[in-house]
Amino acid sequence: MTTAPDGERGTTAAAPMSQPGPAMAVPPPRQRRSRRLLKRFFRRRLSVFGLVVLLLILSLAVFAPLFGSPSRNDFGAVLLGPSAAHPLGTDDLGRDTLARIAYGARVSMQAGVMATLLAMAVGVPLGLIAGYYRGWADLVISRFTDLLLAFPFLILAVGLAAILGPSLRNVVIALGISALPSFIRVTRGEVLGLREQDYVAGAVADGAGDGRILSRYVLPNAISPLLVQATVTVPEAIIGESVLSFLGLGVQPPTPSWGTMLSAAQTFLTQAPLLAVWPGVAIALAALSFNLVGDGLRDTLDPKATS
């Protein structure tokens, strides 16, 4: 019987230990979810088209000074059609239509966004109070909401603007009040469901105050439907501002506004019909782009689609 040499007895061939390679960086869950939501949104061609149009309108508003002065008169170039010097023509005072459309985009976008922010700033807290506390607070806020809903959006805005007087600030206030019911109802509906969730009950059991529960556990989970509602309210407010300006209850001349441009174009529909076409197209594209983006956000942020 052969035996192994003393130097080799009891030794085994050990496999070399592999060195751990560099760990692959894994994005945090929130970052992964954001990427997934962006991919889902950009798969919707109509929503992407709406986003592109919206960005073009915003760029037109931001770079409006590049198109010249909206109030410079040229009485030698009155009611001209599109040309190299005036791509969209001129109005009855020789003012460049493209410059006025660009500056009008500033007014309309400002009115739409500010009215929506005002409605959110007031409507969301009221909806939180009504949905979380219920009882008499819910009763009072719900009756107030029903009172506002008794009037159509534009009718209420026209009435408030007539009382407040014509100015951009009053237009924003009138449109913001008219949009309040939507945000109150959306917020209240979300809170009614969220207040029954286990994590809210756990926070109550841990002794968290109402303010902490609403700000940390309830409101963040209601953001998605509120964002979608905002994309619906902004185009409504843009159309509302145009209607108020058209009726003489909004921005006053010589400040350019799509509504005032439509109002002034009535007199020259047979001589220069394009004067009414351009602001009408601008209003339609602005409203359409926001609605398409809102549809994309709604489908992207739908909990059933993201689960």
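Yeah, the Cβs are placed from backbone N, Cα and C, and that goes for glycine too.
Keep in mind that TrEMBL annotations are predicted by a computer and have not been checked by a curator.
What TrEMBL says about this protein:
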- 1-31: region 'Disordered' (REGION)
- 46-67: transmembrane segment (TRANSMEM)
- 105-294: domain 'ABC transmembrane type-1' (DOMAIN)
- 113-133: transmembrane segment (TRANSMEM)
- 145-164: transmembrane segment (TRANSMEM)
- 272-293: transmembrane segment (TRANSMEM)
Out of 46-67, 113-133, 145-164, what stretch is closest in contact terms to the transmembrane segment (272-293), meaning most Cβ pairs under 8 angstroms? 46-67
Which sequence-distant residues neighbour the transmembrane segment (113-133)? Criterion: at least 6 residues beyond either end, Cβ under 8 Å. 141-142, 144, 171-173, 175-177, 179-192, 195, 210, 213-214, 218-219, 226, 230, 233-234, 237, 240-241
